[in-house]
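Right, one structure below, let's go through it.
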Amino acid sequence: MTIEEDDDSFKIVDEEAEMAEEPEPTPEPAKKKRKTDKKSKKAAAAAAAKDDNTDSAFDPQFTFAIDGGGSSGPSHAWDFTAARDMLKEKQANTVARTSIDEIIAKKRQENKLKRKKAAAAETEKEEQADVDDDDEDIAADGFGGGARDKTMEDDDDDDDSDSDDSESDEEESGQSEDQSDTEEKNDEAEEARKRAYFAPDEENPTASHDSFTSMNLSRPIQKGLAGVGFVKPTEIQARTIPVALLGKDICGGAVTGSGKTAAFIVPILERLLYRPRQTPATRVLILCPTRELAAQVHSVATKLASYTDISFCLCVGGLNLRRQEAELKTKPDVVVATPGRLIDHVRNSAGFALDTCEILVMDEADRMLEDGFAEELNEIVKSCPKSRQTMLFSATMTDNVDQLIRMSLNHPVRLFVDRSDQAATRLIQEFVRIRAHKEADRSAVLVSLCRRTFKNKVIIFFRSKVAAHQMKILFGLLGLRAAELHGNLTQEQRLEALELFRDHKVDYLLATDLAARGLDIKGIEVVINYNMPNQFAQYLHRVGRTARAGRNGRSVTLVGEADRKMLKMAIKSANTGSQVKNRVIPAETIQKYKKKVDQLSPQIEEILQEEKQERAIREAEMKVQKSENLLKHASEIYSRPARTWFQTNKEKKTKKHSKH
Ligand code: AMP
């Protein structure tokens, strides 16, 4: 064992012992209770709205679950009602598809029939021959399909292979980068530049508020906070809200799950309460790097603003463009957007501009400052007035002046809570070593982890969309309930995957780094990294999907030989009090699952082929539908001005590879 040498706290764990410690899954909420909760929530909201200005109507202790009682504690942020609404209109024009789940189900049904037939044939054979031993040995040796299947309980499955090969096909998260890039060089000159660039530290307050009530927030905002169950500000909130209320630029960093969203939403809402109402204008723009994160921020903001008249619009790709155009015409106070769709609207939606933007927020700002987004960001910043307030937030926020300079910040206040290179305190980080000659066992290792130990509320990260999709098929064939989330899916499928996982209708979310940042998925108990990500910041974002807001969580990372440097960084990142462990899976267990995985390979291939054919048919149907539409609505379509974009198609394509 070599990896243990890296750190004293790196212990060997017996997996079976670990299994006994696994927490009980939280029971699913009863449907009936949901209904009652929803009713009482409506009644409470109505009553509260009525007495908006009376002190007696406000009870800071009062909390109710915004999602209708789905989970205890503060509400969970996932409510895609707005996004779903926009999808409905879009779907009316799309061709129906056969889902991958339907294809897998069909294959499983075929497998069952085959097994039944094989078992019947086997029994017949047994009855005829009076050979009465060997069955088990034959099964263990992998001869004679029927007997083997019997020893595998009702696990379905058939054939072989290593679905990992295709992983390098389609890298989503960019080139491998030297980790030393992330380790800041804090030399003297750089420090001096920072001192000149940022506001002096005296303006950086220490957390002094242990309750929202002491923050001088207006009553509707306090009610909104109580409504979502927030009583005490988190550290980033306690430090950010007072500074943001003063209108200062902010560069904020705090570990994932520490409440950054409310840290910038609350002061925005408070300031908007005092806006002049005669002329409606879009005064706030919140930018997020992914559609899902934007939908989540929009949902949190809307809930916190429940007792105000502040209006919002969600502008992200994949959702109905015309509906967004119509909403933007009404000049919503706050626009939550992804950069691409926003630029599309700025250029092509009549009457929409950013010249009234007073506050610009960038969530997961370091991601947005990376190359893939640089052009779009410049275009947006250029369209906003210089005099605006700008707030940048991320769990791995940088104070690298070179990167920040193009955001034209005005002496931003640095608000860094915790070190940005640390994982959450209550996170247990586990590592499973994959030796160089055992790389082909990766899928089997994952399947054995999921079959034996981590049975629900697990998010699994893959480097590529192709790998996530193949694992979805493998999981499906093995009867493990999983949804996939990556950029090869439609927006409808992406939201659906998140909802299925949120509602515990699937146990596993198989995702690319699309889901690594910002998403607040309540109750994720385990994050599994099928591969170590290429960048350490990405590792922190991924494992940050669990152990959020002071809860416990566990990450399990499959570590290949090439990942040793990253492993060291991960061990170093462990906070005081958090644990680092080496998980060992018995070799015979891996072999058992490898056999199963190998057996299923031809079926995975067949399913992929079937899917390809299905896609080709659908595309052809869509083409026909498009031509019909063109014929039917030709005059209207051709009378519309052509949509413009700030880059040529070629430029766009070259930039696109680094985005999701
Ligand atoms: P965020 O970092 O904004 O994604 O928030 C992480 C989680 O912390 C979310 O589930 C929030 O609902 C929760 N949260 C944020 N602020 C508070 C607070 N003041 N009190 C309790 N929970 C909070």
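Cβ atoms are placed via backbone N, Cα and C, with glycine included.
From the options 210-238, 384-412, 558-586, 616-644, the stretch TrEMBL describes as motif 'Q motif' is 210-238.
Note on the domain 'DEAD-box RNA helicase Q' (210-238): mean pLDDT across this stretch is 92. For the compositional bias 'Basic and acidic residues' (99-112), DSSP puts the residue distribution at 13 helix, 0 strand, 1 coil.
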